[in-house]
Amino acid sequence: MRSASVAALSFLSSLFFALESSAVQLTIQRPPPKAASSSDANNNLINTNNQRYSTNITIAGKTVNVLIDTGSTDLWVAPPGGVPAFNDTGLSTTIRYGTGANFVTGDIGVNEFQLDGQHTIPAQAFLSVTSSAGEESDFAAGHFGIWGLGFNTAGSSQVNDAVQQAKGATSTAGQSVLANIFAQNPSGSDYIGISLSRTGDQEGTSDASLTISEYDTDYAAVANAPKVPQTPANSGAWTVPLDSFSVGGKKIQWPTTLPTIAPTGKNIVLLDTGTTNILMPKAQIDAIYSAIPGAVLAPSAQNIPLVQFSTTTDVWVVPCTAQVDIVATFGGQDFPLHPLDVTDMQVLTSPDGSHNYTVCVGAFTDIGTIAQGETEALFGDSFLRNVYTSFDFGTGGSTKGPPFVQMLSNTDPAKSAADLIDVRRQVMLTMPPELAPVDLVKVFNGTEAPGVATPVALPSAVSIPGGTATPAPAAGGTSTAPARVGSPTTGGGSTASTDTPSTGSGATTGNKNSGTSSAPSTPLLMAVLLVAISSFV
């Protein structure tokens, strides 16, 4: 999935697991299996403002930066100047997102694929894009494609479907990159390990790493973590059962809408690196943010935009330094969420244009009917930054069997609480004042004049347990320009995903689906300001 703005998500239809590594007929080069060292495994992913995660691949001799997406399967690229000469299959296809208004169209080619000098596929099928819609913000940010890390299942890949339609249902010429890499070692285990970093995190953020058939050595203990099974089996997506979701030690009520799929007392969620935040039902969002002291709901807010995509314009305004104790439980394991992943910071101008304010809004947004019948929530980067995740396809080696995930927590609640204060305090020293949410909402709905309420005082500096607080920058003037980061969207081939943040103009762009945008336009200059600070919040 991918982050963009104006969007609604059309989720994947039911898919059936059909990957058969033994049927691959390509000659593929692969180095001997080994443990990933710190030098070759850590930090091989690029974090763009906590909004998108990408890596560099080489296709047909050209290096291309592509977004990683566990919610889709195809590899497509659209680098400036196009792809050098490649073996043209004579086939073409279109990958559509959402309602179909956003798409990439191109020629299906075959050429050598390389990753990190470790994995080489002499003949990898990919889509060389010739035209597109909705990708402008990604291209502007230097991301020229998507590498799908999902299942090589029937119906999940437009490239593979087109190849099999032309060459027969048994053809493996169009299968995914991961399917080809796994085929290099039929006796090996078919899994990937992913860790997502958090920029601006003072407590020692995790590496941004992607490994294939090996673990990042910093998180090798994940091998001993409980196995959380793909649910339902053969769904063709990384959908897994969530035991519970709690705030302040109390589980929120979350009756399942998928009683024939979800185990008793659990909910089904999709783990997707392409989704920027967490999307869940409105009732559960309200239960979470209403438990945070000082948080206020602004129903159908027209002047207070969400940073993330949502199917509604309801906005929870939250104190920027609110201490939040949120835990997701999978496989009997608790995974605390860092407070920085629970709210988004932005700068807004009062409706009369007289005052600028720093505002924090909830990062969990309304999923609406997106993916209805398939999953109950999308757990994107806001959750995945807090865990190291092994996605096991169950198609090879000692783990052959049903797909599953294993997760290892990398968020320390005590350190993250101090980290929130440290990070937000430093940023807010040079930003406009913050109002208490109740006053902010009054100003923006027109029931209170700007300048009447007393701004919130900055918190005192704190020391992070086990370390020292980062020195705060010298206090400076406040920004005179409003700013905001655009909202994410959803989409990603046959699967749900959000992967392109806004270009910063306030109007949301790069969407994969069309639907309700919660963000009104704001000046580009303001957006530039927020993009500049987003790496800290």
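A Cβ is built for glycine as well, from the same backbone N, Cα and C atoms used for every other residue.
Per TrEMBL, the features are as follows:
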SIGNAL    1-23  signal peptide
DOMAIN    53-403  domain 'Peptidase A1'
ACT_SITE  Asp69  active site
ACT_SITE  Asp272  active site
COMPBIAS  469-488  compositional bias 'Low complexity'
REGION    469-520  region 'Disordered'
COMPBIAS  495-510  compositional bias 'Low complexity'
COMPBIAS  511-520  compositional bias 'Polar residues'
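Counting in whole angstrom, Asp69 (active site) lies 7 from Asp272 (active site) by their C-alpha atoms. Mean pLDDT, taken over the domain 'Peptidase A1' (53-403), works out to 93 on the 0 to 100 scale. According to DSSP, Asp272 (active site) sits in a coil region rather than a helix or strand.
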